[in-house]
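S.K.: Supplied in structure tokens, the structure appears directly below.
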Amino acid sequence: MTWTSGQLQREKQARPGSGAVLAFPDDKDLRVYGPAESQSAVFGDVCPLLTSLLDGYNVCVMAYGQTGSGKSYTMLGRHSDDGPVLPLDPQSDLGIIPRVAEELFRLILENTSRSPKVEVSIVEVYNNDIFDLLAKDSIAAVSGVKREVVTAKDGRTEVALLASEAVGSASKLMELVHGGLQLRAKHPTLVHADSSRSHLIITVTLTTASCSDSTADQACSATLPREQTEAGRAGRSRRASQGALAPQLVPGNPAGHAEQVQARLQLVDSAGSECVGVSGVTGLALREMACISRSLAALAGVLGALLEHRGHAPYRNSRLTHLLQDCLGGDAKLLVILCISPSQRHLAQTLQGLGFGIRARQVQRGPARKKPPSSQTEGKRRPD
């Protein structure tokens, strides 16, 4: 794989003198990480999105790629039965999620004048069913309950009866994540001894008081250090941020309470694509692979529909795409991290992943928007 004249290229020589080239357009928002790149360097390109989250924008960070290519390592870090130890060593191999947790609460503690409230929910999409990894049974044990996707009155896609917990620190957030990971479906394959068989979606919901007057505006500008604010403005790999307009404020309620803004951060560790001839799966694992393949195909189909500006995007072809409808449809700033293998054996999956990245990068859905808190847009929900 080479980076030449602003283009990412991968060539396959079928026979001498022939070849297939897959290239990304010259794009300053595209970043390529080599094998020696640190987890801290990768997080450096994610960090500006936390500025957007604190400003009230929805954000989604998604790892995509074949099984065994490093998605879970990128999002979570090296596999361990123990949770991460905070505060983090900048040179540690912990991934994006624990780094997001620590940085988010560091930024919140710098200015608490906007009364921030943080809630966390964790689900997995397994065999095209959604399971709540924070739901508890009658004896308060976390059990992973099956849930359904619903659409709220304001049009937002949500999970009915989804358990969420308020958190006040990065350690508490990661404690919940670690507990949810213990329930995540896994199955060994010839490619990966600890292969995840589900899509993991961690949603961090941040509710803050809106900057509605000059005093609040000053507080908002003080939320981040100058260099962090400038980095947020110049953040890379922001498909939805181009041409973003200043979002409208959420009206206060009749009781005179302060205006509020609710923003969601979705951290997605997708299940990996795989070839049955390479992974060697049979039985239940084969069914899992088929469901994973269908959901990833549905994801590519939605991006294709958005890219071609079709009148209808098939979000409901998969629960994964239905659940991610808000961020895929242009309501969020979306960052996709493609994880690929350098092995010639996995060339077909590598080319497929790069093709997905090209499609995702070309989708333009207009400006991201702030969303009001659910308490101000509460309405009857209907199952889809």
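Cβ atoms here come from the backbone N, Cα and C positions, even for glycine.
Sharing the record's features from Swiss-Prot:
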REGION    1-20  region 'Disordered'
DOMAIN    7-363  domain 'Kinesin motor'
BINDING   G65, Q66, T67, G68, S69, G70, K71, S72  ATP binding site
REGION    217-256  region 'Disordered'
REGION    362-384  region 'Disordered'
S.K.: If one looks at the chain holding S69 (ATP binding site), which residues at least 6 apart in sequence have a CB under 8 angstroms from its CB?
M.R.: G272, C339, I340, S341, H346, Q349, G353
S.K.: Over all shown protein chains, what is the count of other CB atoms within 10 A of the CB belonging to Q66 (ATP binding site)?
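M.R.: 25, counting other Cβ atoms within 10 Å of Q66 (ATP binding site).
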S.K.: Excluding near sequence neighbours, so keeping only residues 6 or more apart in the same chain, what lies with its CB under 8 A of G68 (ATP binding site)?
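M.R.: Expected: V191, H192, S195, G272, S341.
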S.K.: List the other residues in this chain whose Cβ sits within 8 Å of the Cβ centroid of the ATP site residues G65, Q66, T67, G68, S69, G70, K71, S72, in sequence order.
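M.R.: Apart from the listed residues, the neighbours are A63, H192, G272, C339, S341.
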S.K.: Can you count the other CB atoms that lie within 10 A of the CB of G70 (ATP binding site)?
M.R.: 18
S.K.: Between 0 and 100, where does the mean pLDDT of the domain 'Kinesin motor' (7-363) sit?
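M.R.: The predicted confidence over the domain 'Kinesin motor' (7-363), as a mean pLDDT, is 80.
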S.K.: Have a look around K71 (ATP binding site) and count the other CB atoms within 10 A of its CB, chains all included.
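M.R.: That number is 25.
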S.K.: How many other Cβ atoms sit within 10 Å of the Cβ of S72 (ATP binding site)?
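M.R.: Neighbour count, Cβ to Cβ under the 10 Å cut-off: 27.
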S.K.: What is the number of other Cβ atoms found within 10 Å of the Cβ of G65 (ATP binding site)?
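M.R.: Neighbour count, Cβ to Cβ under the 10 Å cut-off: 26.
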